[in-house]
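Trainee: I'd like to ask you about the structure that follows.
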Amino acid sequence: MSPEKYKVAIVVDPSTKDISIGEETKKERPSSSAMSFTGVFAAISYMASAVLLVMFNKAALSSYRFPSANVITLLQMLSACLILYVMRYFKIISFNNDKSKSEHNKNLFTLVSTKRLFQTIPLAFTYLFYMLVTMESVRNINVPMYTTLRRTTILFTMIMEYFISGQKHSVLIIFSVGIIILGAIIAGIRDLSFDSYGYGLVFTANICTATYLALISRIGKSSGLNIFGLMWCNGIICIPFLLLWTSLKGELEAMLSFPHLYSIGFQVVICLSCMLAFMINYSVFLNTTLNSALTHSICGNLKDLFTIALGWLIFAGLPFDWVNVMGQALGFTGSMFYAYFKYKGM
């Protein structure tokens, strides 16, 4: 049955997901709202900063042979919290959605109330668990198959959006997602070497990613924290656990004995990596809040395609396979369909 059209004002209540039409209230139909220009900017900002971050992380880990990716993640989180603290201290930003209201029962150390901090614990722990599982999965499965399985995050995101926030999507959106997943399967079809442990880790990472993205908008609304507040709480909760993890694994000792630690070039790469990490974390929250968790997952696929294309153009010696190219092209086509349908509100 085709959806009804109304010529009266429609008001959406974000907390109940109800649509008020005059004096009548109807449940919201599958989401088909068009992307705003701000939403498009948020999506492009995420993809641009993500591609650049991959390059600088690659330079640190491969060109300089830095031994620990977890230490880089720790430095990025510390830098983000430092930037947020300075901006908050000079009142450039606020951690609340309503800037006119002061923070009651504010903890002098955390800068937010204990209640709000506890509300963000599921978000922070999901992100922390995702990082640890992702690092382990990369070690236990080949890169083509890892990339293929990670792209199924889109499907997990749609499922988690439905169960966490009741979000539904149109047939055209589901069709475009199906094309993306089919393209990912074709791209990795030559590397279908089954490894139950590796597959299990990647799918666990997919569930964590989908849950994390779906929780961002929900916890932001329930806690009253804005994007900066969520980033701050995420950092101060995760840093102690990540610090403990890197200490137990001896990664901090390895960093102190790293031969290029005081090299200007290495320090510039790390500083730029930390700055880009702050930008990408902000754009993740902004993109998910303004658009949706599914849109962010699609942007992640597009980002991977651009990164692969740059790798083929910049780095020599990379394997070229027409089946892989066909799969990548199909995935890109699906992403373009999604972007068009979402922008038009179909």
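Glycine too: its Cβ is placed from the backbone N, Cα and C atoms.
From TrEMBL, here are the annotated features:
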type	residues	note
TRANSMEM	34-56	transmembrane segment
DOMAIN	41-338	domain 'Sugar phosphate transporter'
TRANSMEM	68-87	transmembrane segment
TRANSMEM	108-133	transmembrane segment
TRANSMEM	171-190	transmembrane segment
TRANSMEM	196-215	transmembrane segment
TRANSMEM	227-248	transmembrane segment
TRANSMEM	260-286	transmembrane segment
TRANSMEM	298-316	transmembrane segment
Trainee: Near the transmembrane segment (227-248), which residues from the same chain, at least 6 beyond its ends, have a CB less than 8 A from one of its CBs?
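Mentor: Those are 68, 70-71, 73-74, 77-78, 80-81, 84-85, 87-88, 93-96, 110-112, 116-117, 120-121, 123-125, 127-128, 131-132, 216, 219-220, 281-282, 285-286, 289, in sequence order.
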Trainee: Which one of these stretches, 34-56, 68-87, 108-133, 196-215, has the most C-beta pairs shorter than 8 Å to the transmembrane segment (260-286)?
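Mentor: Most Cβ pairs under 8 Å with the transmembrane segment (260-286) come from 34-56.
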Trainee: Take the transmembrane segment (108-133) and find every residue of the same chain, 6 or more past its ends, with a Cβ under 8 Å from one of its Cβ atoms.
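Mentor: Distal contacts: 70, 73, 85, 88, 95, 201, 204-205, 208-209, 211-212, 215-216, 219, 222-225, 229-230, 232-234, 236-238, 241-242, 245.
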Trainee: Mean pLDDT for the domain 'Sugar phosphate transporter' (41-338), as a whole number?
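Mentor: A mean pLDDT of 79 is what the predicted model shows over the domain 'Sugar phosphate transporter' (41-338).
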